[in-house]
């Protein structure tokens, strides 16, 4: 069979790689799962909203930089505008809520939507990711962020009570301050963030040598690379601040370390179902996060199963009004996979 005929046959018979068709029973199970998760959000006084399937590509590009932009699927409408399916659902929620018509409505909202991303690799596992997420517009205080972590814990217990998960905590402003302290040029921050995220020691050593980073600053940075269990964070903080010298100050890091410590203290008192780890280099980039960030991981699944954080400048980028915001998203697909394997 020639390649053209084979290609036509594939298009007629099969769903594209990374997209999935659910039959009646699978659809029923998904509906029941989403109902249980939605119930948790509604009990926490979140109101449901619906997101558009497409938005202007520029809305995503203005907030997502680096290699991620190559993953955008795009098409043009009759007026010549470039449109993309939902690449980042948080952006769509905040943009939609920034419209004046929504200012007097409930600012704690939740959505169920599909995030669409392309992949350079053939036969990529997923290009369509089902998310259920919550956003709080106007409040990104530590108690609010922690309440969202607790809500995620309740949602997890509702659907996978016997499956352990780990919450990894980071701080975008801490990482940004680290780059400033290391005197990293703005155009190099994305590259360094990726190296730190992957813990690529050989690449990091080359990079530090290239920018003539002093030995003491290298030691400080390498200490930040080590993930720290919540129970050991106080010792980590003390050791980190012991690098304070006359030649360089660490005072700028203190407020962020105290924020992280406050979240961990709240966590310890509440005893959520997740294990907790702090990782200063959790973030691949600094696109729109401005404060606390977190991701959740499940054993046997390499990608995060949930994520969230603070983005205090995002709302203002869509309107002249400044409002803090924070939110989270739970990925439904890995939960479904785990439920199926457990029978």
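A Cβ is built for glycine as well, from the same backbone N, Cα and C atoms used for every other residue.
Since this is a predicted model, take the numbers as computed values, not measurements.
Features reported for this protein in TrEMBL:
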| type | residues | note |
| --- | --- | --- |
| DOMAIN | 18-335 | domain 'Class II Histidinyl-tRNA synthetase (HisRS)-like catalytic core' |
| BINDING | 88, 89, 90, 117, 131, 135, 284, 288, 289 | L-histidine binding site |
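Across 88, 89, 90, 117, 131, 135, 284, 288, 289, which the record gives as binding L-histidine, the greatest C-alpha separation is 21 Å. Its Cβ placed at the centre, residue 90 (L-histidine binding site) has 26 other Cβ atoms within 10 Å. Here the Cβ of residue 284 (L-histidine binding site) has 15 other Cβ atoms within 10 Å, regardless of which shown protein chain they belong to.
Here the domain 'Class II Histidinyl-tRNA synthetase (HisRS)-like catalytic core' (18-335) returns a mean pLDDT of 87 for the predicted model.
Around the Cβ of residue 289 (L-histidine binding site), the same chain contributes 172, 283, 309, 310, 311, each under 8 angstroms and 6 or more positions distant in sequence. According to DSSP, residue 90 (L-histidine binding site) sits within a helical segment.
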